[in-house]
Amino acid sequence: MLITVVGLNHRTAPLAVREKLSFPEHTLKEVLRGLSDREGVESCVVISTCNRTEVYAVLSEEDGLQNIWCFLAERCGSPVEAIKSHTYNYSFGESVRHLFRVSSGLDSMVLGETQILGQVKQAYQFAQQVGTVNWLLNCAFQQALAVGKRVRTETGIDKNPVSISYAAVELARQTLGSLEGREVLIVGAGKMSELTVKHLLSHGVAGVIVSNRSYPRAVELAAQFGGRAVRFDELYRWMGHADIVISCTAASHYVIRAEPMTSVLAERGGRAIFFIDIAVPRDVDPAVGHLPGVVLYDIDSLQSVVDANLAERRRAAVAAERIIDAEVREFLLALGSRFVIPTVVALKKRGEEIKRNELDRALNRLGGELSERELKVISSMANSIVSQLLHEPITRLKKLALTPEGHFYSDALQKLFNLEPENGGVPTLVGRTESCPVSCLKGKGC
């Protein structure tokens, strides 16, 4: 029994391939059941986002891995070898490490992003509802969620914005202080503007005004966020109401010029106005930045913020990798130990049965002529023989349990001695079956 992951992401597969193997939520139940019905696949969880599709599975037979690839190939109508060329596969400790890195945002396109942790949790909970999660995947995903939270808490890897839109809002917040109660004018209604509005609203701005050359598009974006749309030829009039102006159009010339801004600033009675120009080519004439009461940042200013923040995230990622190394090691040690316990108990029980049977047979053959002292000596000798015979294999098994392949040695011992551990050798977890962090594996309660 082992955990494996078969997946593809933005690094291994182009968008055309990722689209074919993207599983919308309404198909996930069918996908999970289809996978778990395949021979050798005991349980599974599927994570499907815009940048990755991953199947985490517990395999009871080696054929299970090939059957996962076959399933994916059938779903997208491609040959198995074509699918394999775009996927990666990790097993044993490396599959656990990969899951922990994914939940921590270290495997994401945007290093340290937070959305993936919620996506991992959602995928896990959905598979639980469908009934395709066994105790081993349960433990792995519970711990992955805990590790993802720990990494973010201890390293702050998600604290520094690395997108231009987020950096624009963060720069405004750092310069102006709280954004609550501020009026914002967005010039342009493209994707970047949409993302910027989302970030602004999360910081509690009072209102958003949207202006765009295509007025219907301005209306659409404003309606999406409960803002106000204004016509492009009224831009300067409405600029007088704004504390922050963020411009991102596709114009090939300056959209906001210095001369009209002089009148706008006069009407504002000395109130400062903060410009962020994230367009390329620039929307705001650099001369605007020299006007009294104006603070102007352009894309290069923002890029320096992004670069600095990305460097901070990379430094945090080094610390995150150390945390993950320790967490993987602890998880595998706890898991290996729990696998060994039923085998050790069964082996001792078998030794005790053999000792008792052979001792009874020997005493019957000797008759009732032995003194109490002689019986005690013979019984002690039998105990010592069994204890010494089992001591070395049990000691070595416990040490081997601390390796990623530990449970294989446990399986081998069960076969060699024809042992039948309780629950088939599957660890009995302490506490609630629906929750299984490492503390449960160690028998400390959940």
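Yeah, the Cβs are placed from backbone N, Cα and C, and that goes for glycine too.
What Swiss-Prot lists as active site, nucleophile is Cys50. Per Swiss-Prot, substrate binding site is recorded for Thr49, Cys50, Asn51, Arg52, Ser108, Glu113, Thr114, Gln115, Gln119, and the stated evidence type is sequence analysis. Annotation comment: Swiss-Prot describes Gly188, Ala189, Gly190, Lys191, Met192, Ser193 as NADP(+) binding site. Summarising the annotation, Swiss-Prot assigns site 'Important for activity' to His98 and lists sequence analysis as the type of evidence.
On the structure: features taken from Swiss-Prot.
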| residue | record | DSSP class |
| --- | --- | --- |
| Thr49 | substrate binding site | coil |
| His98 | site 'Important for activity' | helix |
| Thr114 | substrate binding site | coil |
| Gln119 | substrate binding site | helix |
| Ala189 | NADP(+) binding site | coil |
Pairwise Cα distance for Gly188 (NADP(+) binding site)/Gln119 (substrate binding site) [Å, integer]: 31
Cβ-based isolation winner (fewest other Cβ atoms within 10 Å) among the binding-site residues Thr49, Gln119: Gln119
Long-range Cβ environment of Ser193 (NADP(+) binding site), under 8 Å and at least 6 residues apart: Ile186, Val187, Val210, Leu221, Ile246, Cys248
From recorded positions His98, Ser108, Thr114, Ala189, Gly190, the one whose Cα lies nearest the residue listed as 'active site, nucleophile': Ser108
Cα separation, His98 (site 'Important for activity') to Gln119 (substrate binding site) (Å, whole number): 15
Which listed residue (Gly188, Gly190) has most other Cβ within 10 Å, given these are binding-site residues: Gly188
Residue among recorded positions Cys50, Ala189, Met192 with least C-beta crowding, 10 angstrom cut-off: Cys50
Distance [Cα-Cα, Å, rounded] between Met192 (NADP(+) binding site) and Thr114 (substrate binding site): 19
